[in-house]
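Visitor: Have a look at the structure that comes next, please.
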Amino acid sequence: MEPPDAPAWACGALLLAVLLAAHPDAQAEVHLSVPPLVEVMRGEPVTLDCTPTGTHDHYVLEWFLTDRSGARPRLASAEMQGRGSELQVTVHDSRGRSPPYQLDPWGRLVLAEAQVGDERDYMCVVRAGAAGTAEATARLSVFAKPEATEVSPNRGTLSVMEDSAQEIATCHSRNGNPAPKITWYRNGQPLAVPVEMNPEGYMTSRTVKEASGLLSLMSTLYLRLRKADRDATFHCAAHYSLPEGHHGRLDSRTFQLTLHYPTEHVQFWVGSPSTPAGWVREGDTVQLLCRGDGSPSPEYTLFRLQDKQEEVLNVNLEGNLTLEGVTRGQSGTYGCRVEDYDAAEDVQLSKTLELRVAYLDPLELSEGKELSLPLNSSATVNCSVQGLPTPALRWTKDSVPLSNGPMLSLSSITFDSNGTYVCEASLPTVPVLSRTRNFTLLVQGSPELKAADTEPKADGTWREGDEVTLICSARGHPEPKLTWSQLGGSPAERVPGRQGWVSSSLTLKVTSALSRDGISCEASNPHGNARHVFHFGTVSPQTSQAGVAVMAVAVSVGLLLLVVAVFYCMRRKGGPGCRCRREKGAPPPGEPELSHSGSERPEQTGLLMGGASGGARGGSGGFRDEC
């Protein structure tokens, strides 16, 4: 076929261009902006967008639901009547949904409170006349977090002797979407078990669709158990999906299994209060404990061996034997036997132990509570005791160790030997078991005297009237009596912290007589006495004090004479001051004549006459004027 001539082809192209210019919409095809996948959590609102691209004066937008049967029911539509006008929206069929479908002013399909049943394909179709028709599909996925994961363990007793897998537990994850996955864990580690039956272990799963449309999953675990599983912890976890590729996990509680396994080992020991060396104390309550590692707990038979014969003491499921107030006679061999008929033949099901009861009898001394010995004598005291294990003995005095062993030797006894001696018995392998016994040593002898000597003054002398306190101390047995050569001494009292010592003190003033004779202190008891004399050396008189006293007396007498003279002058003149006396003759009127009898006061005579010679001075036997 030959091509058309050029002029005819050019005319056709020109005509087509004119038609396209007259109808610009015929040049633009319809395109839609629809998200292919929309994810939402159950109960949340969701909006499906369908936006035509380009400029169209008139178009119709419709939403269809893709049914599982292949049908496409129309849900809603919107029509654009002219450019710039609002869309006219209409909901045609809500398919029984509550709340119903809605279209917003832009033609988007709105689903309030998304439900699992909304999980469909939604088709948007736009018809724009000459611009054509376009359609796009949006898939809606609705996610639901499942409820808390629950586990139902097998509460029976599972035997490790089974050679096939046994049911362990069932795990439930309810009301989720999409269906979660269940994983089993042992001691926190995931178990890789297949879904096919296997003698070592497998799991089965079943999914159930609830009336709400949500999915529930149930998984059952089967395992062949070992003895090591007796302490194992198991649990399951549901792994579920969330929007935007996120995931969540819900763990169940942990649980343990009750297993049946035969006894392989038996232990038999002495419980509290045993010592590290295995001894128990006489009088204590002792427990003998027997344990086999079988499960469930087997039956225990506890016995005592007497002349190679078993004396059954107790049969129980706990494996305990209690001995109240154990005595030394209960020492011996005890045994425990586990009654487990599932145990292997080569397993030793019986154990024995040796119960050793430690005891310590009261101590005995070869002397009584008191031992009286003379000074410089010697003695030996013996301490004896019965106990098991062999006791250790030691002697102490005032908590100071003296010697080890039963014998205590005392030689060259002095007053320092007085005191309480303690014999202590202990068991090195039983630290809390010990006994003591003591006696008091009294040393007989004449008193030993110690005196606190007086210390000399700085200048080497004592002065008359100095006060001093003298102290005398003594010891001996019987307790000595302290006496002083001068009265005033304090009663003898025991000295704190110095065993056997008594003390007395005397406070006095130093005199010249004491310097010459001294003061003596004497201690005496039936065995003798001891004496000490305190000396003071040179005692000086208190001269400075005597001069002060004499001067004070002289000043007092002078003042007294001055007062008397002033008084006399005042009586003679009748006024203050002095006056001249008349010649000897008649007294002035109204003034009495002086008496020269022996009744005249001496002080007046001496003061006025001044003696025989003074009175005649300046006149013939008369008084001169005196002031």
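In case you wondered, yes, glycine gets a Cβ from its N, Cα and C as well.
Straight from TrEMBL, here's the annotation block:
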type	residues	note
SIGNAL	1-28	signal peptide
DOMAIN	24-141	domain 'Ig-like'
DOMAIN	146-256	domain 'Ig-like'
DOMAIN	273-354	domain 'Ig-like'
DOMAIN	362-440	domain 'Ig-like'
DOMAIN	447-540	domain 'Ig-like'
TRANSMEM	546-569	transmembrane segment
REGION	577-627	region 'Disordered'
COMPBIAS	608-627	compositional bias 'Gly residues'
Visitor: Across the whole of the domain 'Ig-like' (447-540), what does the mean pLDDT come to? Round it, please.
Guide: 81
Visitor: Using DSSP, how many residues of the domain 'Ig-like' (362-440) fall into helix, strand and coil, respectively?
Guide: 3 helix, 50 strand, 26 coil
Visitor: Could you count the residues of the domain 'Ig-like' (24-141) that DSSP puts in helix, in strand and in coil?
Guide: 10 helix, 54 strand, 54 coil
